[in-house]
Amino acid sequence: MIALVARDLRLAIRAGGGFGLGLGFFLIFVTLTALGVGPTEAVLAPLAPGALWLGALLACLLSLDRIFALDREDGSLDALLTAPLPPEAVAVSKALAHWITTGLPLTVAAPVLAPLLFLPPSALPWLIAALAVGTPALSAIGTFGAALTVGLRRGSLLLSLIVLPMYVPTLVFGADCVRRAAQGLDPTLPLVLTAALTLGAIALLPFATAAALRVNLR
Amino acid sequence: MEWGVSDLACRRGEALVLRGVSFRVPDGRAVAIRGPNGVGKTTLLRTLAGLAAPVAGSIDAPDEAFAYGAHADALKDQLTVAENLSFWAAIFGTGADAVSRAVQAFGLAPLLRRRAADLSAGQRRRTGLARMMLTGRPIWLLDEPTVSLDAENVARFADAVRAHLAEGGSAAIATHIDLGLDADPLNLGAFAAAAPTRADDPFAEAIE
């Protein structure tokens, strides 16, 4: 498992690996939101929690179709599934590598970009916390969607359609946590719910991902 | 190890392509799978490897006994040959010794630090075949292993297979050319299932 995660991370930082892709998209999304909606605090501040979460979610979505498709094209996926590693471990490793290359950088970058949208500084720790506990669920769900669509030609659009509805709970509670923090209310409840969603996704989805991989390689 | 299949039926997608396949392979023997295009050589190998479930029949060897070498070489373009090989050695838990033996057998030493993207087709193939030695598994399933190899490297490959057989391993090789190996022929044409009817199945086409 460690070897697989290490390989995926190494691939991500080599040329064409797409490590900065999600991060760059997030930066552009936040900037365009500020430019498009109008750069005043009165307009942007109420939007900031939702916009930041939406940006993070779409940035996560960008790299999902690479998770298994590239491995399938070059035959690595066949070889991985005949290896001693159980498919569930492949699913966990892939989700973990995806989170380290997208979720983690987004979590780190969000507080730097949040002032562009006039998010109150008091909400910054909660933004970091909500993204840190919420983005692993995005990676786990996305890995499942990628496994479902791995055998399809041009499956990436279908992948978005499958994955986005499953992102709704994390988006709702994650954004709510930041919004409450920005308004000076107690944000713990939505944060705990976000964490619960993540724990549920991490516990259950690797099995679904493994089953989808087995079916799709027939 | 001795292994075999009895009365195996396999499908490719929704289409049944082989039925009633039975053979046995004793210790230290290779079987050369032959037959025209589309008869189901790859399908049989994928079924043996455990990537597809058989429709009927049984394989009397565990999934963990098979190592599958497909058309694709399972190499990552952005990684060097050495990185690719040590990744697979780590996944199969065989370690650095296996890597150096595989490098020696396929003459890969001069290529170790080159990225897989910069290899020629034949060099990629050799690296992909070297992966079989890293699995440490007794039964090699090889799908057209000598595509893009020159005469010298076909001989190298045959030597590697012979060494594997001499250690009590075995192999099933789908190939159109003579490898100079003493292999038992298996003509799949004899097991071909009736022509599949799927032309008007839009769902099968969509999931292809």
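Residue numbers in this text run from 1 along the chain shown.
Each Cβ is built from the backbone N, Cα and C atoms, and glycine gets one as well.
Annotation source TrEMBL lists transmembrane segment at A:12-37 (among others). Taking Cβ pairs closer than 8 Å, the transmembrane segment (A:12-37) reaches residues 43-44, 47, 51-52, 54-56, 58-60, 62-63, 66, 97, 101-102, 105-106, 109-110, 113, 116-117 in its own chain, all 6 or more past its ends.
Taken from TrEMBL, the feature transmembrane segment covers A:43-64 (among others). Residues 18, 21-23, 25-26, 29-30, 33-34, 37, 98, 101-103, 106, 110, 113-114, 117-120, 123, 127, 130-131, 134-135, 138-139, 142-143, 145-146, 156, 159-160, 163-164, 167, 170-171, 174-176, 178-179, 182 of the same chain sit 6 or more residues outside the transmembrane segment (A:43-64) yet have a Cβ under 8 Å from a Cβ within it.
The transmembrane segment annotation in TrEMBL covers A:96-118 (among others). Outside the transmembrane segment (A:96-118) by six or more residues, the chain places 4-5, 8-9, 12, 18-19, 22-23, 26-27, 30-31, 33-34, 41, 44-45, 47-48, 51-52, 56, 59-60, 62-64, 67, 124, 127-128, 131-132, 135-136, 138-139, 142-143 with a CB less than 8 A from a CB of the stretch.
Summarising the annotation, TrEMBL assigns transmembrane segment to A:124-150 (among others).
Positions annotated as transmembrane segment by TrEMBL: A:157-175 (among others). Distant neighbours of the transmembrane segment (A:157-175): 49-50, 52-54, 57, 61, 64-65, 130-131, 134, 137-138, 141-142, 145-146, 148-149, 190-191, 193-194, 197-198; these residues of the same chain sit at least 6 beyond its ends, with a Cβ under 8 Å from one of its Cβ atoms.
Marked as transmembrane segment by TrEMBL: A:187-213 (among others).
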Long-range Cβ neighbours of the transmembrane segment (A:124-150) (under 8 Å; 6 or more residues past either end) | 49, 52-53, 56-57, 60-61, 64-65, 67-69, 72, 77, 91, 94-96, 98-99, 102-104, 106-107, 110-111, 114, 156, 158-159, 162-163, 166-167, 170, 173-175, 177-178, 180-181, 187, 190-191, 194-195, 197-198, 200-202, 205-206, 208-210, 212-213, 216
